[in-house]
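Listed features, source TrEMBL:
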- 12-37: transmembrane segment (TRANSMEM)
- 87-120: transmembrane segment (TRANSMEM)
- 158-178: region 'Disordered' (REGION)
- 188-206: transmembrane segment (TRANSMEM)
- 218-243: transmembrane segment (TRANSMEM)
- 264-293: transmembrane segment (TRANSMEM)
- 305-325: transmembrane segment (TRANSMEM)
- 332-351: transmembrane segment (TRANSMEM)
- 363-385: transmembrane segment (TRANSMEM)
Amino acid sequence: MKFGWKIVVGSIIGFLGAAFGSVGGVGGGGIFVPMLNLIIGFDAKSSTAISKCMIMGAAASTVYYNLNLRHPTLDLPIIDYDLALLFQPMLVLGISIGVAFNVVFADWMITVLLIILFLVTSTKAFMKGAETWKKETTMKKEAAALVESNGNGAEDVKFKPLPGEPANGNGTEATETKRTKVSVMENIPWKEFGVLCAVWVIILGLEVGKNYSTECSALYWVLNLGQIPVAVGVSGYQAVCLYTGKRVIASKGEEGTDWKVHQLVLYCLCGMAAGMVGGLLGLGGGFILGPLFLELGIPPQVSSATATFAMTFSSSMSVIEYYLLKRFPVPYALYFIAVATVAAFTGQHIVRKIITILGRASLIIFILAGTIFISAIALGGVGIAKMIEAIEEHAYMGFENLCTYDS
């Protein structure tokens with residue numbers, strides 16, 4: 001590994017991508033892949049592999065930062081573990097399917113899908129941010145009017161909970177200060193965390209075994225299909241518990257207790273779709289989960305923290321697989337993991353401080369929308385350039401055969 005202007009420029013872009021990506025809960029893969037490919041000079045497969053390493057570093061750093069933080073308005077952890085139990089197993093399953101689709105689909109198909117998907121999700125996220133900004137402005141005006149009518153000083157407004165949905169608006173200075181942070185041991189529901197780790201270990205074992213089996217052999221398909229009962233079983237059980245009221249998505253407040261069957265099925269499928277997009281494009285899945293959680297009414301801080309938590313499992317699984325397959329040079333990977341880790345921690349710390357000062361949780365949503373939009377331009381631009389090159393060379397641009405594909 002040699003330091004030069006390419007490493008310096010790549011580090012700066014990677015730092016900014018990891019900082020903003022971790023705050024928005026999208027990882028930053030849409031910025032990492034073009035940077036590694038166009039600036040550092042790695043081929044497409046190595047760029048994807050090192051991008052996964054950077055996503056893992058940023059996600060792990062963000063999760064560590066969030067482990068002892070509390071929900072902005074409720075007495076709960078900022079990471080919604082029940083929400084993660086519903087989505088994370090299907091996310092991991094979807095990534096396995098997406099990786100297979102990445103082999104089958106032509107590059108131009110992936111590029112078109114990427115541009116359409118990212119433009120839609122970034123637009124939806126921006127509109128959600130604008131809506132949240134208006135609600136926050138209304139809350140601030142009401143608070144100011146209340147203070148003025150009561151003749152109190154500005155101190156009473158200072159300790160209001162961070163804006164988010166649902167907001168109870170009843171927090172006091174002592175309560176909010178006490179509940180901002182608690183010990184990690186108290187803040188983690190160990191049963192749910194253990195189930196998520198077990199799913200990670202089982203599916204990782206099946207994936208590693210699949211990679212060392214003959215392509216499309218009987219063992220290959222047994223190991224591949226063996227992931228379905230694990231992921232569907234865990235997410236399905238969580239969905240049944242939510243439907244019967246045994247468990248709730250507490251971060252939604254009272255709305256998190258009333259679920260319809262079609263809603264739960266749709267959300268599980270959305271989790272799998274997020275994984276498929278992540279595996280197809282070499283991203284973390286947060287580009288879908290982040291906007292989806294916001295649409296569910298999850299507060300921006302909780303949405304970002306939970307999406308990043310789920311991405312930690314999926315990205316670390318990919319990194320282990322890529323390492324065993326020798327897909328990336330370790331020195332470069334370690335360096336960029338360090339850059340992403342420091343950037344994510346820095347971004348979380350600075351943005352949380354700004355949100356506390358301004359009382360604008362909608363900043364997280366705008367960062368999410370901006371990161372997705374920039375990723376659409378960067379990845380879409382690279383994809384279009386490759387598409388034009390393939391057309392000029394009259395290259396084959398149809399579907400590939402999964403069993404005869406030369407990786």
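For all residues, glycine too, the Cβ spot is worked out from N, Cα and C.
In TrEMBL, annotation is done automatically, which means it is predicted and not curated.
Bear in mind that the values here come from a model prediction, so they are computed numbers and not experimental data.
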Key: Candidates 188-206, 264-293, 332-351; stretch with most C-beta pairs under 8 Å toward the transmembrane segment (218-243)   = 188-206
Query = Of the listed stretches 87-120, 188-206, 305-325, 332-351, which one has the most C-beta pairs under 8 A with the transmembrane segment (264-293)?
reply = 87-120
Task = Mind checking which residues of the chain, 6+ beyond the ends of the transmembrane segment (12-37), have their Cβ under 8 Å from one of its Cβ atoms?
result = 43-44, 46-48, 50-52, 54-55, 57-59, 61-62, 118, 278, 281-287, 289-290, 293, 303-308, 311, 315, 336, 339-344, 346-348, 350-351, 364-365, 367-372, 374-376, 378-379, 381-382
